[in-house]
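*Asks:* Okay, here's the structure, questions in a sec.
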Amino acid sequence: MSKVYDWFEERLEIQAIADDITSKYVPPHVNIFYCLGGITLTCFLVQVATGFAMTFYYRPTVTDAFASVQYIMTEANFGWLIRSVHRWSASMMVLMMILHVFRVYLTGGFKKPRELTWVTGVVLAVLTASFGVTGYSLPRDQIGYWAVKIVTGVPEAIPVIGSPLVELLRGSASVGQSTLTRFYSLHTFVLPLLTAVFMLMHFPMIRKQGISGPL
């Protein structure tokens, strides 16, 4: 086993990487509230895992979506548990994200030289809210349908571009198959990809600049 480790160590300098990670200075004022961002990340990873599992059974069509969710909850092995964990972790992710934003704001984590860290964090917060909106519509039940109809209808009040914007969001004049397809694509591909990109920007900046000072 040591020979295998030595082989990788010689080429990748694993020990140097491990030392850099474990030897990072942690200020004495850091408390449990500084863990909120990490908890949000953990919830996101749970979302990815449970969401991926449900894609094996979910069918994104207006005729089959609700039935496929019912199948997940009643027929698929541990489907009820996977979907329940997905819903619980979604709520937890939103809550932790809100608390994390408040903690960063109250401790001045948005000030120089951490402006870009704050900007990427705000973008991640918007993406998190977008996950909630798009995911809410996927079961195609009454709550999801009317929620999407209301949310996508809000831009209609904007002069000139309101109606075209609503049609762009829905894919048609009314909420239907095109809307479900759009929201499913956003929820399972576009938003996760954008979230991963901004996380890859967010975390190295935190690593480089360190944790902000006390309140």
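Using the three backbone atoms N, Cα and C, a Cβ is placed for every residue, glycine included.
According to Swiss-Prot:
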TRANSMEM  32-52  transmembrane segment
BINDING   Cys35  heme c binding site
BINDING   His86, His187  heme b 2 binding site
TRANSMEM  90-110  transmembrane segment
BINDING   His100, His202  heme b 1 binding site
TRANSMEM  116-136  transmembrane segment
TRANSMEM  186-206  transmembrane segment
*Asks:* Compile a sequence-ordered list of residues in the same chain as His187 (heme b 2 binding site), six or more apart from it, whose Cβ lies below 8 A from its Cβ; state 'none' when nothing qualifies.
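*Replies:* Listed in sequence order: Phe131, Thr134, Gly135, Leu138.
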*Asks:* How long is the line from the C-alpha of His100 (heme b 1 binding site) to the C-alpha of Cys35 (heme c binding site), rounded to the nearest angstrom?
*Replies:* 8
*Asks:* Take the Cβ of His100 (heme b 1 binding site) and count every other Cβ within 10 Å, whichever protein chain it belongs to.
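*Replies:* Other Cβ atoms found within 10 Å: 23.
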*Asks:* Does the residue listed as 'heme c binding site' have same-chain partners at least 6 apart in sequence with Cβ under 8 Å from its own Cβ, and which are they?
*Replies:* none
*Asks:* Let me know the DSSP-derived helix, strand or coil state of His100 (heme b 1 binding site), please.
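*Replies:* For His100 (heme b 1 binding site) - judged by DSSP and reduced to three states - the answer is helix.
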*Asks:* Determine the Cβ neighbour count for His202 (heme b 1 binding site): the number of other Cβ atoms within 10 Å of its Cβ.
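*Replies:* By my count, 21.
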*Asks:* For the C-alpha pair, I'd like the distance in angstrom between His86 (heme b 2 binding site) and His202 (heme b 1 binding site), rounded off.
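*Replies:* Cα of His86 (heme b 2 binding site) to Cα of His202 (heme b 1 binding site) measures 24 Å after rounding.
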